[in-house]
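**Student:** Below: one structure in structure tokens.
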């Protein structure tokens, strides 16, 4: 089997997870990852066998640190069929000319604007439209979770309007530079938050509004979701719809917080405690007068990872059926709802 040669530009929270997920597939391989500095993440990448590429000005620093770089980032890009850009928001836009010059396909993350790629991706919603594309943006963690939940409800019941309040984790567990530590921050104060409009970049037919708060935690986001639907339904109808989705998990069995969900991921021996699925509390699902409500938790560090793998497979035209790609990706990384 010919494998797609994938470069991961940016080996941070998302990049290192994407690299490992790509490595787990049988139809793609990681030809290199990029780091700007020879820090602990670069050291681990070197230890587990990734070829590291760095800015030309920093090659000597990597050499002195005992992890010689395989070349420059530009050289890595030249060797790739497709680059997954996992650099911080705003940096990816600056990298676009480099990808265009090399003639490679590129994926960006949700921190970049929709206009950068002209197409925003979610595997369950619009996989088939990504087949053969050269440029794709995988939407953010929150938008990914909302698309996964809204799309099947719209398909089965018709969504007249969605309203979402997001309690967002302040920062990732390894980030000591951000906060808040002892505050709740409306983010933004002016409504709506960007999440509703971002959902519309994938599902333009959905009438949605959103508001968000930053809270002093690092584990997960939590969404309070309300949808007005076209058809009468019951709680069991909604549970059956969500239960049929390959990347939605019900969290019951005494899990009443994000802390317990993360402990559950540890107990399942998930890599890095990752929870790639939407985590919906089934007892929160409430239905009445053609409206439904529920809570869901979102692991911001990992939920977009399988989406990136599916985007690669679509863009490389290895699989035209989104459901088959999702199944293949899930199996390879160990995403099982059992």
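Cβ atoms are placed via backbone N, Cα and C, with glycine included.
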**Student:** For the NAD(+) site that Swiss-Prot describes with 13, 14, 169, 300, which of these is also annotated: 71, 103, 111?
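**Tutor:** Within the candidate list, Swiss-Prot flags 111.
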**Student:** Taking only the Cα atoms, work out how far residue 14 (NAD(+) binding site) lies from residue 141 (D-glyceraldehyde 3-phosphate binding site), in Å, as a whole number.
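**Tutor:** One finds 10 Å between the Cα atoms of these residues.
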**Student:** Specify the count of other C-beta atoms within 10 Å of the C-beta of residue 14 (NAD(+) binding site).
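**Tutor:** Taking all protein chains shown, residue 14 (NAD(+) binding site) has 27 Cβ neighbours within 10 Å.
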**Student:** Could you tell me which three-state DSSP class residue 142 (D-glyceraldehyde 3-phosphate binding site) falls into?
**Tutor:** helix
**Student:** Rounded to an integer, what is the Cα-Cα distance in Å between residue 196 (D-glyceraldehyde 3-phosphate binding site) and residue 300 (NAD(+) binding site)?
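**Tutor:** It is 17 Å, counting Cα to Cα.
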**Student:** Going by DSSP, give the three-state secondary structure for residue 169 (NAD(+) binding site).
**Tutor:** strand
**Student:** What is the total of other Cβ atoms whose distance to the Cβ of residue 300 (NAD(+) binding site) is within 10 Å?
**Tutor:** 23
**Student:** Taking only same-chain residues 6+ apart in sequence, whose CB is under 8 Å from that of residue 141 (D-glyceraldehyde 3-phosphate binding site), what do you get?
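**Tutor:** In sequence order, 110, 221, 298, 299, 300, 303, 304 meet the Cβ cut-off.
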